[in-house]
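Taken from TrEMBL as is:
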DOMAIN    B:34-249  domain 'Orotidine 5'-phosphate decarboxylase'
BINDING   B:ASP40, B:LYS62, B:SER153, B:GLN212, B:GLY232, B:ARG233  substrate binding site
ACT_SITE  B:ASP93  active site, for OMPdecase activity
ACT_SITE  B:LYS95  active site, for OMPdecase activity
ACT_SITE  B:ASP98  active site, for OMPdecase activity
Protein chains: 2
Amino acid sequence: MDARLNHKFSQRANGLKNPLAKALLALMEEKQTNLSVAVDLTNKADILALVDKIGPFVCVIKTHVDVIEDFDQDFIQQLTALSEKHRFYIFEDRKFADIGNTVKLQYSSGVYKIASWAHITNCHTVPGEGIVQGLKEVGLPLGRGLLLLAEMSSKGSLATGSYTQTTLEWAEKHNDFCIGFIAGRRFPNLQHDFITMSPGIGLDVKGDGLGQQYRTPHEVIVNCGSDIIIVGRGIYGAGRDPVVEAQRYKQAGWNAYQERLSGK
Amino acid sequence: MDARLNHKFSQRANGLKNPLAKALLALMEEKQTNLSVAVDLTNKADILALVDKIGPFVCVIKTHVDVIEDFDQDFIQQLTALSEKHRFYIFEDRKFADIGNTVKLQYSSGVYKIASWAHITNCHTVPGEGIVQGLKEVGLPLGRGLLLLAEMSSKGSLATGSYTQTTLEWAEKHNDFCIGFIAGRRFPNLQHDFITMSPGIGLDVKGDGLGQQYRTPHEVIVNCGSDIIIVGRGIYGAGRDPVVEAQRYKQAGWNAYQERLSGK
């Protein structure tokens, strides 16, 4: 396993180039959380109420703003205020997937103006390196960071083999802007250090019937070298208490990280 | 070359399963156009004015609604009215790229409610077959059609080899909803007939510096067996008269189709 995984997040911060990546790792150590919550609710009030409850326990709130029925700039202002109040970063899980010229517009403009408020966003690499270049032209001057999708946890994903390998090469090349990966494991043999964020984390269920497959925090952090667990319906699904669940997942993620540091 | 390419669009309509695909092919033959225009302008008034001018010459208008600064439901009502006035279909080039459960929400909900007005949309297959299944659950009951991205014209695209091959298999399996492909060429040896739409078409320039590469209508229609040419900045770029250019590209696309039919 990569020797950097024996180092604390706060130490690894020194080895990353992107300022936002450094700040995120430092925050995680200070706040003792490597939990990100994927908030996929569909109206402003529900999302803001949930985020205000779970904000103290997370390092990153992951959004899909294009599923919010009553999205407006007031939502962004309130979400930004919560990110300052509770100290977390906002990751818009846009999964950009178009050519460079188009993603520049999609990232900066339109109704959402994602680059103006999302500290982190992500993209697929299937269109070629131009997508990273295009997003970087917009995001780097604003101090933003980009995650690449090098693998996906969903059933039958085509991000494998040379697709994954080429994605890693582009991350190395653009490590001023690429802060890491959305993936189920840490990728070995990379020159630069990156942050790995793993979706599809659950403690109680195995799948959702539409191709999503779940794994535990211990599995992805200790066994697979990931850094941040992304939990969605496990936190706020029907019948769950989000505060209880956020604390439970925070603890599970942090325990797994501590176990990794201890080298057991 | 696939023998189906010697048949008129109106004949091929009989061989497709999806009702929208049949209607699109019939419209193309009747209106004598296989031109789609990619309208990437960023405000309502400009887009609607352009579409009203070029509507008579196109079979499909391709949109990126998430780059429109003043998007609202009035825009959709006006665009829909233009599609009825000039008889064309609306293709929202959303490039969905998430897991099934997420794309169902992104397609049906939020500010854009794409499924409620876009006759056609598209997706990447990188998340696995669940993305097609998820979109189909929303779109099929509404009479919509889906295009898959099996290849991309941008430089360094990772949609190659087994990625492309698996995408084709999913299209065959879901041909009740998948009407065809966004690709630079017709894919050989498929059981079912599909519509091929090719982006990156230009008569005057070769590239844009962010990875986009241009080809001519003759090259993609005659040599590569595509059906519909998608033209963007070639129609409405700086210094161009959109009506003149739309007529020019319509003629170039149709001539190429006629040449292919004649078997020269």
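Each residue, glycine too, has its Cβ placed from N, Cα and C.
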Proximity to chain A among recorded positions B:ASP40, B:LYS95, B:ASP98, B:ARG233, where any Cβ pair is under 8 Å: B:ASP40, B:LYS95, B:ASP98
Spatial neighbours of B:ASP93 (active site, for OMPdecase activity), counting only the binding-site residues B:LYS62, B:SER153, B:GLY232 and Cα distances within 10 Å: B:LYS62
Sparsest-packed among the binding-site residues, when each Cβ's other Cβ atoms within 10 Å are tallied, from B:LYS62, B:ARG233: B:ARG233
Neighbour count (Cβ, 10 Å) for B:ASP93 (active site, for OMPdecase activity): 25
Across the domain 'Orotidine 5'-phosphate decarboxylase' (B:34-249), average pLDDT on the 0 to 100 scale: 95
Neighbour-count leader, CB within 10 A, recorded positions: B:ASP40, B:LYS95, B:GLY232: B:LYS95
Other CB atoms within 10 A, centred on B:ASP98 (active site, for OMPdecase activity): 26
